[in-house]
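According to TrEMBL, the feature domain 'Tr-type G' maps to A:24-238. TrEMBL lists A:33-40, A:112-116, A:167-170 with the feature GTP binding site.
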Amino acid sequence: MSPAVALRAVPDIPAPEPIASKGPALLRFITCGSVDDGKSTLIGRMLYEAQLVHDDLLDALARDSRKFGTQGDKLDLALLVDGLSAEREQGITIDVAYRYFATPRRSFIVADTPGHDQYTRNMATGASTADLAVILVDARKGVLPQTRRHSFIVSMLGVRHIVVAVNKMDLVGYQQAVFDGIVAQYREMAARLGFDAVTPIPISALEGENVARRSTAMPWYAGPSLFEHLETVEISASAAPGVRFRFPVQWVNRPNLDFRGFSGTVAGGVIRPGDEIAALPSGRPSRVRRIVTQGGDLDEAVAGQAVTLTLDDEIDVSRGDVIVAVGDGLTARKAFAGRLLWMSERSLGNGEEFQLRLASATAAARVSVLGAVDIHSFEPAAADGLGMNEIGLVTVALDRPVALTDYRGDRELGAFILVDRVTGDTVALGLVDAGAASLVRGADAVARRAGGTGPAAAVRRHLAEGLVAGWRAGLIEEASWRLLSGLGMAALTQAVLGDWRLTIAAGLLEALLRPALRFAHRKGWRALEQRRLARAAYDADGSGI
Amino acid sequence: MIQLTHLEKLEAEAIHIIRETVATCDNPVMLYSIGKDSAVLLHLALKAFYPGPLPFPVLHVDTTWKFREMIAFRDQRAKELGLDLIVHVNQEGVRAGVNPFVSGSRVHTDVMKTQALRQALDMHKFDAAFGGARRDEEKSRAKERVFSLRTAEHRWDPKSQRPEPWRLYNTRKRPGESFRVFPLSNWTEADVWDYVARENIPVVPLYFAAPRPVVVRDGALIMRDDDRMALRPGEVVETRMVRFRTLGCYPLTGAVESTAATLPEIIAEMRGSRSSERQGRIIDHDGAGSMEQKKQEGYF
Ligand SMILES: Nc1nc2c(ncn2[C@@H]2O[C@H](COP(=O)(O)OP(=O)(O)OP(=O)(O)O)[C@@H](O)[C@H]2O)c(=O)[nH]1
Ligand SMILES: [Mg+2]
């Protein structure tokens with residue numbers, strides 16, 4: 001039997017009943033982790049299981065496997081994904097590959113990222129748009145430095161859902177003890193990274209165990225297969241676009257004297273004709289007249305839609321400006337604090353100048369390095385330059401005001417790249433993070449007070465606080481909700497004791513009241529959180545970088 | 001509030017990329033290969049600049065071996081839409097008598113497509129060229145950026161591509177350098193057909209099954225589109241119900257037997273298919289890594 005035929009004999013995925021999808025119809029995820037942990041093999045396996053590998057490609061794979069394969073006579077599924085000749089020759093992934101597949105329940109865009117240190121920039125690129133990360137760990141090796149590095153980057157870029165896929169279980173006799181040990185090790189390491197959910201799954205990418213179907217080789221594992229998890233996981237709103245209307249202007253559409261429209265993609269919120277807006281940085285107000293598309297004018301446009309707006313007044317708006325709802329509170333700034341992932345082979349010196357690109361804006365940017373985070377220990381230390389793949393805490397001074405805000409609250413207006421002005425290379429990706437500056441300023445103050453603990457220790461403390469802050473806010477919200485609903489229930493029970501008819505009424509009330517209360521409560525918290533973020537950004541900025 | 005569908009998201013992303021190019025490059029052009037991906041790309045570009053006209057010309061690199069129906073379709077669409085259509089033929093190649101039968105697919109593609117494209121881009125000094133390539137087409141394409149930088153010699157260096165995080169596209173380039181821009185990067189073949197159906201986009205009739213004169217050659221069904229294709233001993237032209245999944249030079253494009261004559265039928269057939277879209281493309285099989293190599297040389 002040819003290898004291709006052998007592989008095809010894998011049982012089909014049981015056809016799942018179509019369920020009302022709770023999350024997005026599309027899930028974007030990445031595979032990451034250390035060198036050779038099996039990321040590409042896993043994606044090859046997933047494509048295969050999703051019936052995406054056509055017969056002619058399977059034949060080509062069988063040929064390639066004989067030539068470059070690492071699995072003897074067997075198919076090397078990684079070769080489905082490692083598409084560059086340099087990758088196939090060396091048996092490693094160099095650049096990120098984007099693949100597309102769908103199961104009856106969801107469609108997926110998956111980015112296969114390289115494990116090698118040297119290509120961390122490509123891993124970060126894949127992570128920047130991901131809703132979820134599958135972090136692979138080789139069952140024989142456990143958590144490696146690169147596992148930590150990737151986990152940190154994924155956390156920094158705002159991915160909140162993690163699957164820890166303990167791979168190559170076939171090589172450790174499918175033992176539960178090995179799996180449990182690695183999971184404990186990972187959880188301890190990730191405790192400070194502020195993930196919403198860490199889901200461990202024992203798999204063998206090579207054999208397909210727990211990938212598309214539940215494994216019979218590991219009866220001790222009762223959880224879902226990887227596919228089941230990816231199909232049903234709910235992605236929390238933190239990754240969703242913000243609620244405020246923000247519209248970076250990409251291009252001014254002026255085909256003739258009678259039409260002047262502003263084209264762009266809505267970054268957050270909703271806009272309707274008649275809404276009052278302001279253009280940043282000028283701050284000039286106007287009102288939306290029309291939302292123009294070729295298919296006809298729209299009554300409203302939401303985040304993600306590419307539209308053209310016309311305004312009531314002839315105010316001056318050009319590419320790089322941001323149209324916001326009046327009262328947004330967003331301001332244009334000439335300086336900010338943030339984090340950088342330095343991606344160039346040449347290192348970054350203090351005070352160097354680059355071109356910054358943020359949403360549709362460009363500006364000249366002078367970068368001061370305050371510190372660097374050691375991504376193996378997660379500890380920040382003083383630094384005045386950055387080497388390739390290092391993460392730095394920086395302040396950035398711009399030659400003109402740009403509308404921007406914290407990445408945590410707005411993925412679009414808080415993310416930027418730095419471009420080398422001579423070579424044109426993309427040398428860094430960055431996040432606006434007001435905390436980064438206070439972190440270092442705070443470090444100085446604390447160090448002075450403590451007299452000798454050194455800035456590194458203080459910076460570490462501040463960093464850790466920053467990482468758990470989001471998690472803490474969630475906890476308080478949950479606790480206060482429990483209290484509130486508990487009190488409500490107590491009052492109702494009291495009433496019920498009096499009369500059975502009241503019991504029914506109370507039951508109905510509880511059923512109707514609870515979701516309404518929950519909704520209002522959540523909304524209130526969100527508004528508070530937004531205000532806190534905005535204030536924090538303002539404070540940090542106001543105290544003069 | 002409206003929830004965008006998968007197709008609507010892809011559409012918005014493509015429009016965003018097209019606008020970004022026009023806003024940041026001096027002299028863009030749209031490569032128009034007359035196939036379904038080009039049809040979708042053109043449709044999206046018209047949307048991107050509405051109510052204005054298309055702010056760039058459309059370039060067809062004609063190898064002189066395209067199906068006649070493709071050329072007729074191209075000219076008709078250009079007229080209907082008022083396109084600024086540039087047709088470029090590598091006249092040196094024509095004079096040298098390069099053709100797919102005598103020169104072989106590799107030389108033919110190199111001279112009449114890759115070199116021709118480079119000539120046209122240089123001649124008009126285009127600094128950005130839109131193409132309809134998708135990452136799902138081929139495994140080296142899966143690695144390509146949306147804004148793919150080419151040197152002044154039009155070379156692609158797959159090992160040192162610029163990172164492209166979020167949707168922050170770095171459109172900075174040095175004199176002589178140019179971009180190939182791929183707004184459909186994240187689309188699949190199924191998405192393209194679903195969108196063609198949703199938007200009612202006209203496509204070349206060759207995509208739909210019809211009785212056509214074909215010859216079985218080297219295991220492929222080649223349509224004899226004109227009598228420049230000489231028959232080899234033993235070959236007979238037979239009429240079969242066929243259609244094309246991808247369109248290129250007729251001697252290099254294999255047909256598939258099919259009865260799918262409507263869009264829904266095509267979509268159903270594609271979903272059930274066990275072979276990949278580019279299987280019919282003879283040039284893709286000229287050696288392992290051949291697409292990557294052609295791309296390095298300046299092919300799309
Ligand atoms: N036994 C066994 N081998 C595996 C498994 N998964 C992957 N491998 C092998 O591990 C080696 C590395 O696999 P890859 O998929 O290339 O690893 P990777 O993580 O993509 O590597 P980089 O991208 O270079 O970091 C190959 O020889 C695979 O065949 C598994 O579940 N079991
Ligand atoms: Mg790999």
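Numbering starts at 1 and runs along the chain as displayed.
Each residue, glycine too, has its Cβ placed from N, Cα and C.
Structure coloured by features recorded in TrEMBL.
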residue: A:Gly33; record: GTP binding site; Cβ neighbours (10 Å): 29
residue: A:Asp36; record: GTP binding site; Cβ neighbours (10 Å): 19
residue: A:Lys39; record: GTP binding site; Cβ neighbours (10 Å): 28
residue: A:Thr113; record: GTP binding site; Cβ neighbours (10 Å): 30
residue: A:His116; record: GTP binding site; Cβ neighbours (10 Å): 17
residue: A:Met169; record: GTP binding site; Cβ neighbours (10 Å): 28
Using CB under 6 Å from any atom of ligand 2, narrow the binding-site residues A:Lys39, A:Thr113, A:His116, A:Met169 to the ones that qualify.
A:Lys39
So if the criterion is CB under 8 Å to a CB of chain B, which of the binding-site residues A:Asp36, A:Lys39, A:Thr113, A:His116, A:Met169 qualify?
none
Whole-number mean of pLDDT values that fall within the domain 'Tr-type G' (A:24-238):
89
DSSP output for A:Met169 (GTP binding site) maps to helix
Secondary structure at A:Gly33 (GTP binding site), reduced by DSSP to three states:
strand
